[in-house]
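Peer 1: This is the structure I want to talk about, given as structure tokens.
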Amino acid sequence: MKNSFQTLKTLTTKSGTYGYYDLQELERKGVAEVSRLPFSIRVMLESLLRNEDGYQVTREDIEALARWRPDPGEINVPLKLARVILQDFTGVPAVVDLAAMRDAIKAKGGDPKRINPVVPADLVIDHSVQVDAFGTAYAFFYNVEKEYERNRERYLLLKWAQNALENFRVVPPGTGIVHQVNIEYLTKVVMTGKRDGLTLAFPDSLVGTDSHTTMVNGLGVLGWGVGGIEAEAVMLGQPYYMLAPRVVGFKLYGELPEGATATDLVLTVTEMLRKHGVVGKFVEFYGPGVAKLSTPDRATIANMAPEYGATMGFFPVDEETLNYLRQTGRPEELVELVEAYTKAVGLFRTPEAEEKVQYSEYLELDLSAVEPSLAGPKRPQDRVPLKEVKKSFLAHLTKPVKERGFGLSEDQLQRKVLVKRRDEEFELTHGSVVIAAITSCTNTSNPSVMLGAGLLAKKAVEAGLDRKPWVKTSLAPGSKVVTDYLEMSGLMPFLEALGFHLVGYGCTTCIGNSGPLPEDIAKAVEEGNLVVAAVLSGNRNFEGRINPHVKANYLASPMLVVAYALAGRMDIDFTTEPLGFDPNGKPIYLKDIWPSMEEIREAIRKTLDPELFKKEYSKVFEGDERWQALPAPTGELYQWDPESTYIQNPPFFEDLGERKVEDIRGARVLLVLGDSVTTDHISPAGAIPVKSPAGQYLISKGVKPEDFNSYGSRRGNHEVMMRGTFANIRIKNLMLDGIEGGYAKKLPEGDVDFVYNVAMRYKAEGTPLLVIAGKEYGTGSSRDWAAKGTYLLGIRAVLAESFERIHRSNLVGMGVLPLEFLPGENRETLGLTGYEVYDILGLEDLKPRKLVDIVARREDGSEVRFQAIARLDTPVEVDYYKNGGILQTVLLNMLKEAKATE
């Protein structure tokens, strides 16, 4: 490695002597004023200094980033990251790709063992558990049993990977949620590694195959979500290429008032940042209010960066970070190293250091103005103060669908359905809460809101309140430590008394694994076509995500989740209406059972012990007896089973070789879509309908509908996933009138069929395909199958008004061209309907962000000519596109290197 600026120094702690690259030396040498750089940019700069090789990372790269300005312009940053994290929904297809790459390199005469993570990778199995059983003491055991039954093939693949791949660890099922395991155990904040006989210290940094990887930003660790294909490239030693971002400085001051929680704060921050516009930017928090937030509070805010649209929500390392490392049982010598290193290198936050920093844009929030809130019913940025939820929900019932309402007429509002059970009967109506889920790493990582929920449950039970019988209740924490401290505090029995029994350690309801509603409830919802609600402590509430029967979804703190389980309806004003009545008929209001901050702090003091973390994480990679009993396949190549409906060798590397890039001519439009189309819309993760192309494929393979599992669990099989692309029941193809769901029109014939069937007919004719969309295309999860499925359907380009960051780069990574309308232009202004035939010209000599010419020929022979920006943002992305994708580029380079050394 080079050291052009002579910044390599040493520091000594009790645990030894470490080499480190001193950022502050650049300032002393007059290269750049590093002290005015945002802390997040400094972490990136350190990576460049440490990895300068004159080829992938050059002296010029370092100088350009060191001289970052609030309006940074075009600075290409080749980031070398310290590690990669994966979850199993996105991790399984990544492992499938690595296995397929081993096959491909062997077929070309190369060594399969060259395909190995160079960068350490940890995969946490958390996305597969579903809430089949709930509300009973045996729910956890039943759900885990079902999880293993459904996912045996996938888990065998992951065990093969654990054995066959170097630098690859797996956290088995039933252990925790990836981001919570990451902040409580995996991240060290400061890493060490050997180079040239010296032990180097350097900041932890990572990418993850899940958009909420940003949670670790709460500990001052650089990290964000990427698609599986990009994560694989990083694992294989490729730099992660990005443009230096604008950094929004978000000042926090004051203190949270009594009654407000970290959840209320994050929903407020999300609303503010979505309004401000932070897509593609870093957000860095500073100011006196930061010191008033615990690390779990910060991690809650960082977790929801995808919801506010930022690449990161960054809190620099400070005294509170060190406290958290101690609280979670990290070794004292690590804490000492983190403190010594971050102070030596200029990465430790102090009020004096903050004052010098220059940001691109500024926002501020007085924490004392935060009030109890929910977000919904369809988007995480749509915050509603608790006191206005009733009014807001009732208004949404009749609001038009295009204004994110439910479009009910006045006479539909009165619908009620009587449900009769053996020992009771009750009415369901619009606004009945049918799911109340304490779920998601966003909140279950935060002891204050979890113990708060337990205290609220205790007071409710003591007042004689109970959950409503139509509410499906669940508790799914992100780590075993949560149940340990809930049990130690004596609060678990009160949560269980209200039906909040442990259902699993995993994502569950937050990602749509809410399991089926009880049959009588589902039937009543269908019969009355009711707009029923879910209240969850998650981070996403997009339509159609949580449960196919539930149209209104609200994000809330765990305490409010319990409150809505007691109320059983959204049309309640907690400030004026009682939750229920005690045995003497006395009304009980929410304020009567809401725990005080002092009660919560006292519960934390009594129960949160570093030994809990040490105990649970000492065996984090072991798994239960089921995991240990799985017969792990061996060998450097994976043995594909042609009969498997979970794992198949994908066709991505069949035509490996440099391709000639040509103009796209004679393209037809498969779908015209509106704004905020999510990756959930493009590639759903939840249930597979029987009559869908994916369902019919599985039936043809002898799979019974009750064994379909979910789309997310079948991401290792491209045959299922390409059939599931654009198959969300809530997607709206604007080329079709009055039809919702995954349908398209075959042109010029004009007949309507499933998207997959129409795409295959076009493919048979050799017709390239195009998708046209509005703003924020691809928002939501970092789901690489949204790009892989797009590619496999034969879609060559996506033309949108704007793209969410991860999905745009995933499209490039699959060799699909993202095209952006020029500012002020869109489908409507240009009069495009989707019935035209398209030529996309000027692709032979592509360069970053080139303007390409598009000709749209209408049915009457007239033409619309316009230009669009080819969103290949860096020279490297142009190469990826030319080679057919990022993994193809990596393989081609490996084969070239192997030839050169022969």
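Placement of Cβ uses the backbone N, Cα and C atoms for every residue, glycine included.
Annotated [4Fe-4S] cluster binding site per Swiss-Prot: C441, C507, C510, in sequence order.
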Peer 1: Please work out the number of neighbouring Cβ atoms within 10 Å of the Cβ of C507 ([4Fe-4S] cluster binding site), leaving out its own Cβ.
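Peer 2: A 10 Å sphere around the Cβ of C507 ([4Fe-4S] cluster binding site) contains 30 other Cβ atoms.
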Peer 1: Can you list the residues of the same chain, besides C441, C507, C510, whose Cβ falls within 8 Å of the [4Fe-4S] cluster site's Cβ centroid?
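Peer 2: So the additional residues around the site are D126, I177, H179, H212, T439, S440, T442, T444, A476, G478, G506, T508, I511, G538, N539.
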Peer 1: Within 10 Å of the Cβ of C441 ([4Fe-4S] cluster binding site), how many other Cβ atoms can you find? Include all protein chains, please.
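Peer 2: There are 31 of them.
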Peer 1: Counting across all protein chains shown, how many other Cβ atoms sit within 10 Å of the Cβ of C510 ([4Fe-4S] cluster binding site)?
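Peer 2: There are 29 such Cβ atoms around C510 ([4Fe-4S] cluster binding site).
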Peer 1: Per DSSP, to which secondary structure element type does C507 ([4Fe-4S] cluster binding site) belong, with helix, strand and coil as the options?
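Peer 2: Reduced to three states, the DSSP call for C507 ([4Fe-4S] cluster binding site) is coil.
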